[in-house]
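A short write-up of the structure that comes next.
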Amino acid sequence: MPYMHKEWRKIAKRERRKRIRKELAKKLDPITYLTSEEYEFWIKEQEEIQLLELEKIAILNKEENDKWQKAERVTMEKWQKLQEKIENLRQMKLQEEAKLKLEREMEQKQREEEVQRLKEIEEENKRKQKVFQENLEQFLKGDSMDPPEELLISRETRPNADICPFFTKTACCRFGDQCSRNHKYPGISKILLATNFYIHFGLENSNFSEYDTDVMLEFEDSDTYKDFKDFFFDVLPEFEKFGKVVQFKKFHQTWILNFSTFKVCNNYEKHLRGNTYVEFYDLRSAVAAYQALHSRWYGGRQLSLQFCEIGSWKNAICGLQIKKRCPKGRACNFLHVFRNPNNLFSVYNGSNYRGRRTPPRSWRWSESPERESPPRRHSSSRSTKPTKRDHGPCKRKSISITSHRKKSGKRD
Ligand SMILES: [Zn+2]
Ligand SMILES: [Zn+2]
């Protein structure tokens, strides 16, 4: 740009000089009326005027040029700053991207490590379970009433932490093994726990007032209680197969009983809902039942059994529930249990259980998820009506709601 400007100035000067000369020529030539001295003076004067004018133009041009250069500098500075800013942003973006990439890689690595860790735990658990099963078999095959030492080793989730009071009392805790307190699992014990074994629409809905209170659950004609009785008479005989029956036959003249208690929770809380506890009189019976029933299928659901320790049923079961005055209702953290039909096992050292006349619906039990078909012959009154459980949860739901509405309609 400065080069262009200079060129222009040159041309402008030249043109101006030409013009002045022409004008002068046009005017009356002073030579005609001036003396030679005067004429010379006049020429000099004219030249000085011209020089002055040229100087003036030069000054103006310089000023313009300075202004322009200044503006140019400012623009250049601005542009420079902008470029720096863009470069900074670019660098920041690159850094951010690198950081994200690193984080993604770390996450991926952690995920892989976690998968590997879980796999190892699973394999270790499988190995332990295999050894455990072998030991159980050994124990069942042998004559000794005392189990091998290995079976008596208990497992603790956090040996250095305080004992979890809920787990100690009920063998269950809402936090599972993630609990900050210690949970102690026995190797084997006389009590088997099937978590969430009994399911029914009535237990899973706390919204319906009918199901919200223990009182309603115990009504003989409530849907839930009828369903529970079906369950009770289905499941009880399966566990009964594994007891030391003879011993108790002698002791209890009236009835043979191979385990001391059977309790099904009707709590709403997920970790207690439908939990089924079966306490045997001796370890061998409990082990035999575990061996035979763990992982078996009932009503299309796989049974998961575990040995557990309940120091005292009195401490495990909510005392206020028995009096029907528990303020927490089924949200209670202690066991709220169904009253067993005919008050079975309500007294630990005896029972008036005389058995069910109708045969148990053992067809619901299976070795696989495939359910067997119900027997065609229906002799008893119970077996002639269609069993609700087989219609699936939706059907049962509709049955329950209808009867509930009818009842409330009557009240209105
Ligand atoms: Zn706990
Ligand atoms: Zn309670």
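Backbone N, Cα and C define each Cβ position, glycine as well.
TrEMBL entries are annotated by machine, without manual review.
Among the ranges 42-70, 158-186, 216-244, the one that TrEMBL lists as zinc finger is 158-186. Among the ranges 4-31, 88-115, 312-339, the stretch that TrEMBL annotates as zinc finger is 312-339. For the domain 'C3H1-type' (312-339), residue counts in helix, strand and coil come to 11 helix, 3 strand, 14 coil, using DSSP. Across the domain 'C3H1-type' (158-186), DSSP helix (H, G, I), strand (E, B) and coil residues number 9 helix, 4 strand, 16 coil.
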